[in-house]
Amino acid sequence: MNAHAPAWLTVPDDVNALRPDEWAADVARSAAGEVSVAGLPAAELAREFGTPLFVLSEEDFRRRARLFRDTFAEAFKRIGAEAEVYYAGKSFLCTEVARWVESEGLGLDTCSAGEMLVARRAGFPAARVALHGNNKSAAEIARALDDGVGRIVSDSLDELSLVERIARERGVVAPVMLRLKTGVQAHTHESIATAHEDQKFGLSMASDEGRSEAHEAAARAIASEHLELLGVHAHVGSQIFEPTGFEQSAARLIAFLAEIRDEHGVELSELDLGGGHGIAYTPEDTPRPVAELAEASADVVARECAAHSLAVPSVSVEPGRAIVGPTTFTLYEAGTVKDVRLESGAGGAVRRYVAVDGGMSDNPRPVLYGADYSVTLASRTSAAEPVLSRVVGKHCESGDIVVRYAYLPGDVAAGDLLAVPATGAYCWALSSNYNYLPRPAVVAVRGGEARLIVRRETEDDLLARDIG
Ligand SMILES: *Cc1c(COP(=O)(O)O)cnc(C)c1O
């Protein structure tokens, strides 16, 4: 135990070991000791594409996409229902990844005109695209209708009126779902818990008197000639491990479907249980097997539908992080190494700060949510003693931390490559040009070959929008 490290971080027996949960399945140390992916060594990738670099395993992405698709389909088949998986594009989306999602038979969640644009560019069938968002613009709604997006997940009464008006102007019927605030408290960071009352997403199911917002929205959608109400949706939050949150949420959505049936005589056919399935960033995280989540969801849907005498609707789930997160690691080059004294006196505790050539501009999650990551020395193995270290970026903020707590070999020095696993979701997607750093490239690796799928920004890119 080290008083300056959290309880979950123990001194590793082998500081060179990779914990399989945190890495793509085809990442391993080569005979020479380098971290390699699909047979390609880290140093070769760094030489060819530069650092920082997002290294994405295509096989691993496809495998996880299929795993969700097949596991949910099988679990729901058992209860006589269909289940579809919509990949949450906001976690990481580019044209090539949209093509993989399409070819693996998943749907695609978008939440802006830009994300729909990527889907369109990838040739993604619009019928399998969903549009989310708590403040969709008229232009975004119009684009969704013109493209023929399969579902617009409506987030408010205001928006429902807007969708109705735009659909009427176009003489079309808008396929809508209602995003409901189920009131389920997810055990996760406040910024990523999304179903309690006091936050911006969804229609409230609570009412002191008369109809709740959610009931009012359903009534309006059912009454409108220009809206087709498909069903209901809830997203409890992100990085969730316990199935209980999903189960409670599903139960509340199904109770709502029953109320709508009783009030309007209509049985809605779609039930979207959202995303948020957690992944392992550190040994503290203990994700459940996908099958366990799928079975738990199928059980609760079967039970609650039976209790309300409802036919089981078509179910969808929307994992983002759980598909792309572990497929990717970020490769950095180490620079300045500094020992920081934590206690005074001889023999007092020291924390080693290892600075890398990126930071909060390519991974703002530690700053935003206090997110923890792991890290390994990627360009070689080391027999040096593990040292309590902190990997920091090169930005002008002391909060610019990439890996808050880790043991790294004591001989890590400038020029070494460090790899931070599980950076596939919400890292590139949230990246910025803070301090005028160019955003990193994303390289897809498969069968011993690497290809650029998003190029690194250049200095010209950095100046391109500056009128001068
Ligand atoms: C963010 C989001 C998701 C995906 O969340 P993950 O934690 O990446 O699985 C799914 N559905 C909706 C509506 C979201 O906003």
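Keep in mind that glycine also has a Cβ here, set from the backbone N, Cα and C atoms.
Caution: TrEMBL annotation is automatic and unverified by curators.
For the pyridoxal 5'-phosphate site, TrEMBL lists E318, P319, G320, R321, Y426; matching the candidates G276, G370, G468 against that entry yields G276. Residues from the recorded positions list (R365, C396, E397, Y426) with a C-beta closer than 6 Å to any atom of ligand 1: none.
Here the Cα atom of E397 (substrate binding site) is found 20 Å from that of Y426 (pyridoxal 5'-phosphate binding site). Among the recorded positions G276, G320, Y369, C396, Y426, the ones whose Cα is located within 10 Å of the Cα of K90 (N6-(pyridoxal phosphate)lysine) are G320, Y426. The pyridoxal 5'-phosphate site is set by G276, E318, P319, G320, R321, Y426; from the centre of their CB atoms, other residues of the chain with a CB within 8 Å are A88, S91, S238, G275, H277, A322, I323, G325, A425.
Within the set of binding-site residues G276, P319, G320, R365, Y369, the entry lying nearest in space to C396 (active site, proton donor) is R365 (CA atoms).
Between the CA atoms of G276 (pyridoxal 5'-phosphate binding site) and R365 (substrate binding site) there is a gap of 16 Å.
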